[in-house]
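*Asks:* Sharing a structure, written as structure tokens. Questions coming.
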Amino acid sequence: MLLLAVDTATPAVTVALHDGTSVVAESGQVDARRHGELLLPAVDRVLAEAGVKLDAVTDVVVGVGPGPYTGLRVGLVTAATFGSALSVPVHGLCTLDGLAYAAGQDGLEGPFAVATDARRKEVYWARYEDFRTRATEPAVDRPADLAEQLAGLPVVGAGAVLYPEAFPDARGPEHVCAGALAALAAERLAAGAELLPPQPLYLRRPDAQVPKNYKVVTPK
Amino acid sequence: MADEPLVLGIETSCDETGVGIVRGTTLLADAVASSVDTHARYGGVVPEIASRAHLEAMVPTIERALKEAGISARDLDGISVTAGPGLAGALLVGVSAAKAYAYALNKPLYGVNHLASHICVDQLEHGPLPEPTMALLVSGGHSSLLLAPDITNDVRPLGATIDDAAGEAFDKIARVLNLGFPGGPVIDRLAKEGDPKAIAFPRGLSGSRDPAYDFSFSGLKTSVARWIEAKRAAGEEVPVRDVAASFQEAVVDVLTRKAVRACKDEGVDHLMVGGGVAANSRLRALAEERCERAGIRLRVPRPGLCTDNGAMVAALGAEMVARGRPASDLELSADSSLPVTDTHVPGAHAHDHDHVHEISKDNLYS
Ligand SMILES: [Zn+2]
């Protein structure tokens, strides 16, 4: 088994290769505006570091978000295209689950919550019983509206760090790393669990307004 | 192989997810998934809706094109993709897919210009482009007159719209007339039953002191809207067919007149008309008539190749391969305002041996 994992749902562009037992190579860069430019060179670097070619990959794993739209799609379309070109399965994982798993690897015990930056003064978040077990569906909300229900819980991720008044016990890691995502996927696949389809979790409707009647141009 | 490269092209600059496959100047497949119906209720293309639709349609459309062409992806000589201009988020989906595909198959990647692709697509219909080619590109996003001595690395803007694109004017007038979105096809249809001389709408930038090759459709649009409003205010019925025909005539009159003039001024004996508005039947007819009178050969691809599609991107990609143009690198980014003079986006370390051409590229505005 050789998993290639990518995630572009947060400001991080992260890629990892995992052989079913451990992470073989990994790359993480934080640049919210350059997902499109950074992802493929990162994949190339990670494969080169591991000394393998892309066609050795048996499974592609991708973070499906939730995440701000434009960057999120870079990872998803890249994973889907690899899957099609290589005829290998593409598995989706919730990006928040990857962050929770990374926090667990760093020693955080449950319960806790994960929050990433959703922009527009909101966070994407979910609550976890422990680092492998999500207790709520991912959602998008204003930090102030969550402060009460998450009171007393450590909150992991950049979404927590950004809003210290709402999340006084904010923790790292701030961004997801593909190594954690790959490790979680390897664990779930080995246990015969179903992963998600590689489809985006936007959690918001597209901004689209039906134009009002056309503007009258005759001067009144 | 170099003469007739097998290339897959991806186009996602607006609301069509297009994947085309060509062998040299032969079209093998043209798969398109459109989100236009989803945008109709908004009266225009909504960028986020377009981007979401591209992500969903991308891989299925690639697979459909390969099946249609009956080729194996392993046999491709290159992958080309629209790098710009277009909607940033929409372009990014296509560019990301093209990079992943090129990388997975170990094929060269060519990020190419959307406007140059609109011109190059005619090679699939009428064979190799004459050099130079004069091109009139008209769509919802662009209205330009371009002189193309070499479609792979020398495209010169002679003129463009200074306000609305021609297709935008069709959409806006359709909205004033409550005809829905997009406006082009419905106005074309109604105009056939109307009198193009019924109402004398203004011809923008057609005075002797106006720029010879630039266009303006904003004044026309206002004038048509005002005429309709006056009828409505007087409680009279709006003669929709005559308005459509007279408006359409004003647009295509200016477009074809200026295009033919540019051909004469530059001594070019071929005119290529492309872009979504080139599907308009009156534009095609009037261009035909005026070109014939001026001794110019008109080249207009069939309507399906005028609107945005992947075949046009593949056609330009194949020409890039055939002429040995440098490939793009994996850092290729989508550029929503890629200038028309950038026919393609070579990688940072690429060289083009054709330096003479680069240097002789004079700026026609200076
Ligand atoms: Zn176009």
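Every residue gets a Cβ built from N, Cα and C, even glycine.
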*Asks:* If TrEMBL gives B:Leu137, B:Val138, B:Ser139, B:Gly140, B:Gly141, B:Asp171, B:Gly184, B:Asp188 as binding substrate, which of B:Asn280, B:Asn309 does it give for that site as well?
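*Replies:* The one candidate that TrEMBL places in that substrate site: B:Asn280.
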*Asks:* Which single residue out of B:Asp269, B:Asp308 does TrEMBL record at the Fe cation site shared with B:His114, B:His118?
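*Replies:* TrEMBL names B:Asp308 for this Fe cation site.
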*Asks:* How big is the gap, in Å, between the Cα of B:Gly141 (substrate binding site) and that of B:His114 (Fe cation binding site), rounded to a whole number?
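*Replies:* One finds 11 Å between the Cα atoms of these residues.
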*Asks:* Please give me the binding-site residues out of B:Leu137, B:Gly184, B:Asn280 that lie within 10 Å of B:His118 (Fe cation binding site), comparing Cα atoms only.
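*Replies:* For B:His118 (Fe cation binding site), the binding-site residues whose Cα atoms are within 10 Å come to B:Leu137.
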*Asks:* Do you know which of the binding-site residues B:Leu137, B:Ser139, B:Gly184, B:Asn280, B:Asp308 end up with C-beta under 6 Å from ligand 1?
*Replies:* B:Ser139, B:Asp308
*Asks:* Which one of the binding-site residues (B:His114, B:His118) has its C-beta surrounded by the most other C-beta atoms within 10 angstroms?
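*Replies:* When each Cβ's neighbours within 10 Å are tallied, B:His118 leads.
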*Asks:* Given the binding-site residues B:Ser139, B:Asn280, which one's Cβ is surrounded by the fewest other Cβ atoms within 10 Å?
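*Replies:* Fewest other Cβ atoms within 10 Å, among the binding-site residues B:Ser139, B:Asn280, is found for B:Ser139.
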*Asks:* Taking every protein chain shown into account, which of the binding-site residues B:Gly141, B:Gly184 has the largest tally of Cβ atoms within 10 Å of its Cβ?
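*Replies:* Result for the most crowded candidate: B:Gly184.
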